[in-house]
Structure formats: C-alpha cells, structure tokens
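Asks: Quick one: the structure is below, and I'll ask about it shortly.
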Number of protein chains: 2
Amino acid sequence: MTNYLPAYLTERDGSLWLTEDEHDNLKVSYRIKEIVFKEKSSFQEVMILDSYHFGRMLALDGIVQTTAIDGHIYNEMISHVPMAVHPNPKKVLIIGGGDCGVAKEVCKYEQVEQVDMVEIDELVVKACREHLPEVSGRLSDKRVHFIFDDGVKFAQSKKSEYDLIIVDSSDPIGPAQALFEKSFYESLHTALKEDGVMVCQSQSPIFHVDVMKQTRNRISELFDETKMYTAVVPTYPGGFWSFTIGAKQSIQPNASKVSGKETKYVNEQIVESCFALPQFLVKTLES
Amino acid sequence: MTNYLPAYLTERDGSLWLTEDEHDNLKVSYRIKEIVFKEKSSFQEVMILDSYHFGRMLALDGIVQTTAIDGHIYNEMISHVPMAVHPNPKKVLIIGGGDCGVAKEVCKYEQVEQVDMVEIDELVVKACREHLPEVSGRLSDKRVHFIFDDGVKFAQSKKSEYDLIIVDSSDPIGPAQALFEKSFYESLHTALKEDGVMVCQSQSPIFHVDVMKQTRNRISELFDETKMYTAVVPTYPGGFWSFTIGAKQSIQPNASKVSGKETKYVNEQIVESCFALPQFLVKTLES
C-alpha cells in the first residue's frame, strides 16, 4: 500500500499519519485510523480520513478543511451570524462550501426559499455527503440547488438576485485565490438585492493579518457597512479566525433569530458577543 | 551537537524541530531558529527556544507553555477578567505563573499593593525574565514578592489574606496535578478574604471536557458563585480554552475597569463578551 500514498501520508511506528505541508515552520500531523475515501478530481485530491483526534476529516491535497469534531463551529458561525444580520433572507447563494455544512445550517431557517450552492468540485460534495455526515448531514433539502461551476463566473452572471451571499472559500492560494479579489466582491455587490448582505471568511487575525485587512478594506470600499467578527476554529492554524460581513444598507444584528435553532456552537449570546474584537485587532483595523 | 539533544528535539532537512509529545494522536512540530536557553532544574527541563512561527517560546520538558506571539492572550485573560470581577483587589496571590506574564498584568493596576507569586521552579522565572521579555516584561515591580515553593503547601498556610488568587497552572499531569484537587480549592477558599475571588485555567472545552466539568463542579461546591469564560489560545491544543472563576460573594463584572490599561488582547468589549458560552458548553455544564 505504501507505494500508492501521496507524500503527505506516511507510515510511522505502525500507524498512518497525515502531515499538513502548508507551513514551512509548523507541521501538524494527525494519526489516521483509516482512509475512508480517496479520489483525484480535475482540481485536487479529495480524501475523507478517519483520525483519532478529530474523527473524520475532509482533506484537499493533504490539507485538512473540516472535521467531525469541530466543523460545526466554522459552519454555524459563517451561516447563523449573517442570517441574524439580514432582516429576512429568502434567497441565498453559497460560493464554495463543498462540505455542505453551510447549506445545512442555512436550511434550518424556514423563511429561506432557495439556496444556490456553487461549488467548483463535485467530488468534494459527493465525498462529504456520503462519508462525512457529521458535517454535511447528508444534505438533501429540496431548496438547495447544486451548481458545479466556477463561483467567480457564476457571481458575475447575476444581478440583484440574492438576499445573502456566503463565501465559504479555502485559503487564498490555488483555486480559491480569485475569491479574495476586488473584482469578485464587486460582482457579489451587483448580485445582491438592495438590502443584501455578504459574508466571507477572512483568515487568521494573528497569522494572516495582511489578507484579513485587505479583505476588509476591499469590502468596505464597496459596501455601506462592514462588520468583522471572530470565532475559534480548532483545526485551523492558530485556532482564531475572522469573518467579514459587507452589507448594502446599515445593519443591526438580531441575535434572537438564532434562538430555537438546533445548533452546537451558536446561540444568542454568541451572536451578540462575536463582534467584540480584541484590542490588537481594533488597532490593526484602525491603522 | 545532536548527541546532546533530548528526544523531542530533532534535526531534519538542515533544521532543528521541536515536536511536542504529549498527544498520541496529534503531533505539532515547530521549526526552531535557535536554542536560547536550556537547563535542567530539579523539576523539569527548562528551555527558551526561538521559533520561526511563534517567535520565542518557553518549553518545559519539551511542551510549549507560552510564546512571544500569543502569550499575552492567556496572561491578559486570566488576569484582567478577575480584576474586573473583584470590587477592589489589593492583595493578590499567583500560584504558578513562572513566565511572569500574569504578575506583569496584575501590576498594571495601581490599587494593587502586594502580589505574592508562588512558583515551584525558580529556573522558569529566571529563564523567562532574562530570555522571554515579550511575555515577562523582564518583570521587576517592588510589589511582587517571589516565593519559590510548593503552591499547595503555601495556600494551606494562609487564612483570609487575599482578595484575589490566580492559579496559572500547567496541565493536570506531573507537578500541576495537585492544583486540580478539591482539597486545593478548599485551601484557596480559606486563604481568601470574605469577598475574595479565585480564578484558574480549566483546560479545553473540546478536548478536556471531563477536567473542565470537574474543575467547575469542585469550585461551585465551595464558592457562592461560579462563572466560566473562554478565550482563544493559539498555541494550546484546540485553540479554545476555558477559565473558571469562584467567588465567595455574588459578583458583577465591571468591564470599565480594564479601560485605559495597556493591553494587546483584553478591552471592555472582550471582558463583557467572554462569558458568552457556546451552546455545547452551556449544555455540557447543565448536564
């Protein structure tokens, strides 16, 4: 079997280990029980691995994207917070989000009539629906339309159509790079209705300060109101993650909207408190 | 040189790496620029390492305890939050806290008259004051009395003496295990004045649920009011950390007390929001 393993999977001391190779100066290795799914798409190598520490995990080209243990934190935070910010979101666009977790969360709101989910890699959706139910919930909701296409191109083709757009991208390298460009945010602005709201993950406030600031600046140049919030995401480097909201009209988060939703992380208090930014972040954003 | 390296330090690809060995199923390796300080005390091997990702770090027996990049988050959160909770803390006891970061934070309050810092390992204090100024601030404040002794024994000898006790322990294995015992919390209760407040780190809400719950239960059996709060600590496993406050009288956090203090993480909004617990934690604590 060893012959067929990619470089980031190694056998040591009788165990299989996945070692993330994205950082030159920090290596995280996960002990793996089993390779549950492994297939190469035209875009990347898609794997579902069963790990000892985090349970099942989705890895793309050997980089962990989400896990059974903590995937809900990220997915709930990027979904319920903007749902509490928009006055009445009915038509939602998700760009990326192949693990289906964001769509699953958005579907917890009855008023949502349609969710267009544009994911470039169909294989990610297939793998997660079948083998990562902790994150995907085996999503099968009639309101969700799967569109396997380039999210940038798709957004460019839309005008005043969506109440809410959620950009659930991977890191700004490779295929996801275009999802951090100013022209992309411009097309989101156009694709939103006049009271529309967008949200994206804007990387780590500690380790990716430049990307975070650039994202916020680009969004605030286009949108009437920009708001940043944070959450803990244990499997992401540094554990601390930022999200940026752009709104075409002024907004007032209504935390009570998440009340009664079946969630593991988000509740009213979390929605109210997530906009409190640490002092270094307040200063970074002012400078 | 290789001959003199402990097992957790290895040379690979021309670089020195520190690999934490505390988890069987997750390995984190830091690329090291330089070993700044390395000496064995009667308790442990004390090292200050200069790393590429986190800057200078304190490692005890090869386990990273605090770093130049993020040490302030933990130290500010375990200090300023209880300072905002106690009505007027003048005499403070710190148990552990050898990196001097907690004492540094407490000394930012003028009303504090005396800080007794009881650390079992003098070598940790020496190493951090000299070689980890980002965390220790090279602490030299006349109000701080260093006592190099067993914190458990020290606390047992005190009665109604302190306004605030901060337990800055390492994980509940080895020397720090006694700092998680019920009898220890009992002696803290006795050592506090009648309106006294104690705080301790209570481990990860994701990976150490049992220790966290046990800590909370033990404290709430003794103290009139128990309050839990959380923070992100990037270098700790899972990034997400819990702290537990025990108060002998009912408390009302006054966030405005941290206003104007020179901090990197804590501000009024963070003190107000840190008590908001994620839904799974609310449920875990109810069960």
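Glycine too: its Cβ is placed from the backbone N, Cα and C atoms.
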Asks: Using only what TrEMBL says about spermidine binding by B:Asp168, B:Ser169, B:Ser170, B:Asp171, identify which of B:Asp99, B:Asp116, B:Asp224 is listed for that site too.
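Replies: That spermidine site, as TrEMBL gives it, pairs B:Asp168, B:Ser169, B:Ser170, B:Asp171 with B:Asp99.
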Asks: Pick the one from B:Glu11, B:Glu76, B:Glu119 that TrEMBL also lists for the S-methyl-5'-thioadenosine site with B:Gln44, B:Asp150, B:Gly151, B:Pro175.
Replies: B:Glu119
Asks: Summarise the model confidence on the domain 'PABS' (B:15-248) as a single mean pLDDT, whole number.
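Replies: When the pLDDT values over the domain 'PABS' (B:15-248) are averaged, the result is 93.
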Asks: State the count of C-beta atoms found within 10 angstroms of the C-beta of B:Asp99 (spermidine binding site), not counting that atom itself.
Replies: 26
Asks: If you measure B:Asp150 (S-methyl-5'-thioadenosine binding site) to B:Ser169 (spermidine binding site) at Cα, how many Å is it?
Replies: 12
Asks: Under a three-state reduction of DSSP output, how is B:Pro175 (S-methyl-5'-thioadenosine binding site) classified: helix, strand, or coil?
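Replies: It is helical.
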Asks: Would you mind ranking the binding-site residues B:Asp150, B:Asp168, B:Asp171 by how many other Cβ atoms sit within 10 Å of each Cβ and giving me the lowest?
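Replies: Across B:Asp150, B:Asp168, B:Asp171, these binding-site residues, the one with fewest Cβ atoms within 10 Å is B:Asp150.
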Asks: Quick check: with B:Asp99, B:Asp168, B:Ser169, B:Ser170, B:Asp171 left out, which same-chain residues have Cβ atoms within 8 Å of the centroid of the spermidine site Cβ atoms?
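Replies: Those within range, site residues removed, are B:Gln65, B:Gly96, B:Gly97, B:Gly98, B:Ala176, B:Gln201.
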Asks: Among all the protein chains here, how many other CB atoms are within 10 A of the CB of B:Ser170 (spermidine binding site)?
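Replies: The answer is 18 other Cβ atoms.
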Asks: Would you identify the secondary structure of B:Asp168 (spermidine binding site) according to DSSP, in three states?
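Replies: For B:Asp168 (spermidine binding site) - judged by DSSP and reduced to three states - the answer is strand.
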